[in-house]
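J.: Quick one: the structure is below, and I'll ask about it shortly.
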Amino acid sequence: MSDSSFDLVVIGGGPGGYVAAIRAAQLGLSVAIVEKRPTLGGTCLNVGCIPSKALLTASHHYHTAAHGLGAFGVKVAGVELDLPAMMAHKDKVVADNTKGIDFLLKKNKIARILGAGSLAGDGRVTVTAPDGAVSTLTARAIVLATGSEVTPLPGLTIDEEVFVSSTGALALPNVPKRLVVIGGGVIGLELGTVWGRLGAEVTVVEYLDRILPFHDLDVSKTMTRLLGQQGMSFKLATKVLAGERKGDGAVLTLEPAAGGAAETLDADVVLVAIGRRPFVEGLGLETVGIERTARGFVKIDGSFRTNVPGVYAIGDVVGGAMLAHKAEDEGVALAEILAGQHGHVNYEAIPSVVYTWPEVASVGRTEEQLKEAGTAYTVGKFPFLANGRARSMNDTDGFVKILADAATDQVLGAHIIGPNAGDLIAEIVLAIEFGAAAEDIARTCHAHPTLSETVKEAALAANGRALHV
Ligand code: FAD
Ligand code: NAI
């Protein structure tokens, strides 16, 4: 047993935890970070955001080379997939990024402690190292940033071979002939897209009557059509009753969500992507009496405090948008609060991006939410088809839709489907952060010819004066 004392001990080295640690160190606190994985960066860098984007980019290049360059007058013969090389690219990107976090911790003089952390009460954290050795850290403040794990589906067992989670789907050894994705959310569509581009027949089974149920309905409908054109099939309003191994693959038993005749669906690989749940195993929450919500998330107040003094929580483990940048912003805000400043997160201005092609990006309210709240709003919509740059890129699918308050013109939400939507949304996030009106965006000069002109035109349209439609 050894003892060490810090101002702050963070449990979990993902985007929430490592960013909280860096910001706290910048503000002069002594900080230790406890992470049980050998590499830092959490779900996002190891098995989430980064490897999925590496494969999305690589598969997009493959698909474009094989099918998309002829229209530009570029003839490419003999395009072949080298899946091991594509996976090696992904692994290298992950390794480079996770090593980068080691560098950042060293630079900021943060103690990196390898092992599983557990709350032991009175400001103490016990750490069990991979070799079983136990040590104790003491801290003025402890931050729980232990993230999330895949939600299991009753009736089937994830073996990461035939029934895979996102982690298995990021490392399949071969392109499956038939991939069935359970869950038409972000993971299902992104990883379904990867394998679809590489040649798999992809069927998405979704319990609700629409994909991307947390997005604006316009977005869900348009994406169903566009992904359908790319070859993805959808079984909406359908529930999975059971899944079993059959030969080298699997068979699923499905039923309409509202009840009715059951049917079976064969697959070579089944991806379970029905959401994620908080990860708190072995964390000792019960030891110190930390309260949780009905859905199992660690309960916090507006300043990230749990019910136990000195213990705070951020990121996926507290729920809300389960996104890396939300976890990071909470990490920064909490570190600032712990250093006596006024850290704050504006939850109305958190973008959400789906990295399919075209991309989907949203921020703020959806039309359905505004209707439900009885808010009078205006809609400004502009299609990429009417944008010169999008035409030159042959990327004309989608639109920018801006929702503004009917009385004040303040921007309340935006929903984009289109090329580089994930980058284009940043301007509207900033507008929401600054409390800007649609007219503020409309009167801002945008370079020509750029995709960003679609945002300006949608803002003009919200005031009834788009120029190019
Ligand atoms: P995590 O990143 O999950 O990190 C928690 C860390 O805590 C883990 O490393 C874990 O090993 C460690 N830990 C847990 N318990 C203990 C313990 N007791 N002791 C020590 N260590 C412990 N978000 C985006 O914004 N953009 C994306 O493009 C995106 N893509 C994704 C793709 C996939 C396939 C998945 C699964 C997720 C994706 N996400 C994306 C979500 C994103 O990964 C999470 O929102 C983010 O990682 C949450 O950060 P966190 O710090 O809260 O938790
Ligand atoms: P999700 O919440 O995005 O989607 C889950 C989908 O599964 C929903 O459409 C839901 O209706 C459906 N579903 C739930 N139970 C079902 C059942 N029994 N049968 C069929 N369908 C069912 O969750 P997902 O895709 O697993 O992603 C988890 C989290 O990871 C998300 O919260 C997301 O924010 C994050 N993530 C973010 C990414 C990004 O920002 N680009 C990429 C990937 C993940």
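Quick reminder: no glycine exception, Cβ is built from N, Cα and C everywhere.
Keep in mind that TrEMBL annotations are predicted by a computer and have not been checked by a curator.
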J.: Can you match one of Glu206, Glu263, Glu286 to the NAD(+) site that TrEMBL gives for Gly183, Gly184, Gly185, Val186, Ile187, Gly188, Leu189, Glu190, Gly275?
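T.: For the NAD(+) site that includes Gly183, Gly184, Gly185, Val186, Ile187, Gly188, Leu189, Glu190, Gly275, TrEMBL also lists Glu206.
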J.: To which of Asp159, Asp316 does TrEMBL also attribute binding of FAD at the site defined by Lys53, Gly117, Thr146, Gly147, Ser148, Met322, Leu323, Ala324, His325?
T.: Asp316
J.: Go through the recorded positions Cys44, Lys53, Ser148, Ile187, Leu189, Ala324 and pull out the ones with a Cβ less than 6 angstroms from some atom of ligand 2.
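T.: Among the recorded positions listed, those whose Cβ sits under 6 Å from ligand 2 are Ile187.
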J.: Can you tell which of the recorded positions (Lys53, His448) has the fewest other C-beta atoms within 10 angstroms of its C-beta?
T.: His448
J.: Anything from the binding-site residues Gly183, Gly185, Leu189, Glu206 with its Cβ under 6 A from ligand 1? List those in sequence order.
T.: none
J.: To test your reading of the NAD(+) site: which residues beyond Gly183, Gly184, Gly185, Val186, Ile187, Gly188, Leu189, Glu190, Glu206, Gly275, same chain only, put their Cβ within 8 Å of the Cβ centroid of those residues?
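T.: Neighbours within 8 Å of the Cβ centroid, excluding Gly183, Gly184, Gly185, Val186, Ile187, Gly188, Leu189, Glu190, Glu206, Gly275: Val181, Gly192, Val204, Ile211, Leu212, Ala273, Ile274.
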J.: Given the binding-site residues Gly183, Gly185, Ile187, Leu189, which one's Cα is the least distant from that of Ala324 (FAD binding site)?
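T.: Closest recorded candidate to Ala324 (FAD binding site) by Cα: Ile187.
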